[in-house]
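Participant: Below is a structure I'd like to ask you about.
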Amino acid sequence: MASLFRPLNLSSQTRALSRSTAVASQNIHDPDDPKQVALYKLYRPERVTPAKRGVELLKTPRLNKGMAFSIYERQYLGIHGLLPPAFMTEEQQAYRIMTKLRQQPDNLAKYIQLDGLQDRNEKLFYRVLCDNIKELMPIVYTPTVGLACQKFGFIYRNPKGLYVTINDNSISKIYQILSNWPSTDVKAIVVTDGERILGLGDLGAYGIGIPVGKLALYVALAGMQPDWCLPVLIDVGTDNQELLNDPFYTGLRRKRVRGTEYDTLLDNFMKACTKRFGQNCLIQFEDFGNQNAYRLLDRFQQKYCMFNDDIQGTASVVVAGLLACTRVTKKKLSQEKLVFLGAGGAATGVAEMCVLQMQAEGLTEEEACDRIYMIDIDGLITKNRAPHLSDRHKKFAKDLPDTKNLLEVVKTVQPGALIGASTVTGAFSEEIIKEMCTINARPIIFALSNPTSKAECTAEQAYTISNGSVLFASGSPFDNVTINGKLYKPGQGNNAFVFPGVALGAVLFKVSHIDNSLFLLAARKVAESVSEKSLNEYSRIYPRLKDIREISIKIAVEVAKHCYANGTATLYPEPEDKELFIRHQVYDVEYEDLINRTYTWPAKDSMHGFPVPVIRRNSMDDE
């Protein structure tokens, strides 16, 4: 039985996120415990010899191992002679890829190279990504993915997702499109209509890069199986005239469709997805315009297993950062006043998640809302503006004079935290940061707008002006900052700390619908995962990127417990050991033998030579 388990080598350094996780997934049970072994056999993935052979196999990214195929595999699978006569380990291949990658002239060139690798060799792509997550995450997702989306028509190589257009507006037509996807085991869909890509605005069909990048993170950071993932672009046109005039543009050349026709398309899309892939298929909405994001979340949240990462994921990760800060300030979140610069979907989602946390700490909803101040494009949200406010904003309206001056608001409110989601570069001026330092010994300043060029202030500005006292986070990564010989490592409030784990739990345990309580659970788990060294030595308020996969598994366990308790988890029977179950479902980036092991039968059951009676052959016996 010992051959089933690989020993955990604790003496090796953290060679890679992927390898340490793969090893841990196979050593969480005792090989001498019959019950643990029985669960292992129940939960482990099973190997199936592929039906594809020859060149067709080499052109299938999920199966291709390049020069890592053994001589036996090459001969058995009909690829001997189709590959160079050298043999490489996956580690050698990864070294070769990274060497070439670091020679590329810019990040877009790196993105293109990684995109090509994903088209050729899926395992190696994720091995390289997982082994170098801190270096490559900004390439496969923000901020480089934004540039890749802008240049998508120029760099387009191979299809990586599905396109559903306004011209396909029926359940049947969309179902047929979904049926064209090669995998029938889709469990997670990321969909966008391209209207609000990061902080870049309407990119139309070029926005497909966002679902592609997001699902790559599902695999790398949570261990979702690539076959379970489907990126989708809903093309209803674009209001970006520059794109409509772009000769490389890959989408419909028409203005955006809105209103009833748009809503019908989204209704039909959701129905077609669940008809094709099942009611428990997770559908994540990403980068929809503000006028649709909240509306569609309200429309679908109780009917489907879906969430909006811009609203709920962003809210969760920001609350996680705020909760980590409370370990430094020694004040509960419910004791702080918060000022938001920006009141769009993301900022409002954060504010509402903060209200939930404050309520959990003992405040009423009204008391919690009273501690949150929001500033939109028209200034501070006040009761004077109530007739023109949405229902979501009305509860945050204050009985104060109207003003657009952020510094004036800070001086009046005396907040403990200043949160930027405005995409206004430099909005947190030196004077504002100094005022926050006057009010607080450890001011909390989050400049969350993406990409870095849109951030309200830079990490260097925040640390320098505050003389290192600030608790800072950003939406996209900033370089480390050294002040007076002390190293500061800016925390990145990246949704990747949250959405992979929530999605993994929802998919594995077949959750019927996802509410905000799951994201609050995830926020608390992320905040707990920040080490004391990170907080006190580096002022870093988020965990290390290389710890995300372990955090995702912990979040998935919490999701499972919560959802079985409230009846929304529908996987039956309920796994006895939820963590063991999760760890044996996650994707392993190590190459596996493609050919199943053969085994023998008892000799008496596999014996040839049953005696054959003599059969008269009339036609042959005739004279």
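Backbone N, Cα and C define each Cβ position, glycine as well.
What you see is a predicted model, and the numbers here were worked out from it, not measured in a lab.
According to TrEMBL, the protein has these features:
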ACT_SITE  Tyr141  active site, proton donor
BINDING   Arg196, Asn450, Asn494  (S)-malate binding site
ACT_SITE  Lys214  active site, proton acceptor
BINDING   Glu286, Asp287, Asp310  divalent metal cation binding site
Participant: If you count Cβ atoms within 10 Å of each one, which of the recorded positions Arg196, Lys214 comes out on top?
Facilitator: Lys214
Participant: 10 Å Cβ neighbour count around the residue listed as 'active site, proton donor'?
Facilitator: 25
Participant: Would you mind checking how many other C-beta atoms are within 10 angstroms of the C-beta on Asn450 ((S)-malate binding site)?
Facilitator: 21
Participant: List the recorded positions among Tyr141, Lys214, Glu286 whose C-alpha is within 10 Å of the C-alpha of Arg196 ((S)-malate binding site), in sequence order, or say none.
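Facilitator: Close recorded positions: Glu286.
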Participant: In whole Å, note down how far the CA of Lys214 (active site, proton acceptor) lies from the CA of Glu286 (divalent metal cation binding site).
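Facilitator: Per the Cα atoms, Glu286 (divalent metal cation binding site) and Lys214 (active site, proton acceptor) stand 9 Å apart.
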Participant: Compute the centroid of the Cβ atoms of Glu286, Asp287, Asp310, then list the same-chain residues not in that set whose Cβ lies within 8 Å of it, in sequence order, for the divalent metal cation site.
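Facilitator: So the additional residues around the site are Thr192, Arg196, Ile197, Ile210, Phe285, Phe288, Ala293, Asn308, Asp309.
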Participant: For Asp310 (divalent metal cation binding site) and Asn494 ((S)-malate binding site), determine the Cα separation and express it in whole Å.
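Facilitator: Given the Cα positions, Asp310 (divalent metal cation binding site) is 11 Å from Asn494 ((S)-malate binding site).
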Participant: Tally every other Cβ atom lying within 10 Å of the Cβ atom of Asp287 (divalent metal cation binding site).
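Facilitator: Other Cβ atoms within 10 Å of Asp287 (divalent metal cation binding site): 24.
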Participant: Cα distance, Asn450 ((S)-malate binding site) to the residue listed as 'active site, proton donor', nearest Å?
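Facilitator: On Cα coordinates alone, these residues lie 11 Å apart.
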Participant: Using all protein chains in view, find how many other C-beta atoms are within 10 Å of the C-beta of Glu286 (divalent metal cation binding site).
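Facilitator: Looking across every protein chain shown, the total is 26.
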Participant: Do you know offhand how many angstrom separate Asn450 ((S)-malate binding site) and Asp287 (divalent metal cation binding site) by C-alpha?
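Facilitator: With the alpha carbons as reference points, the distance is 12 Å.
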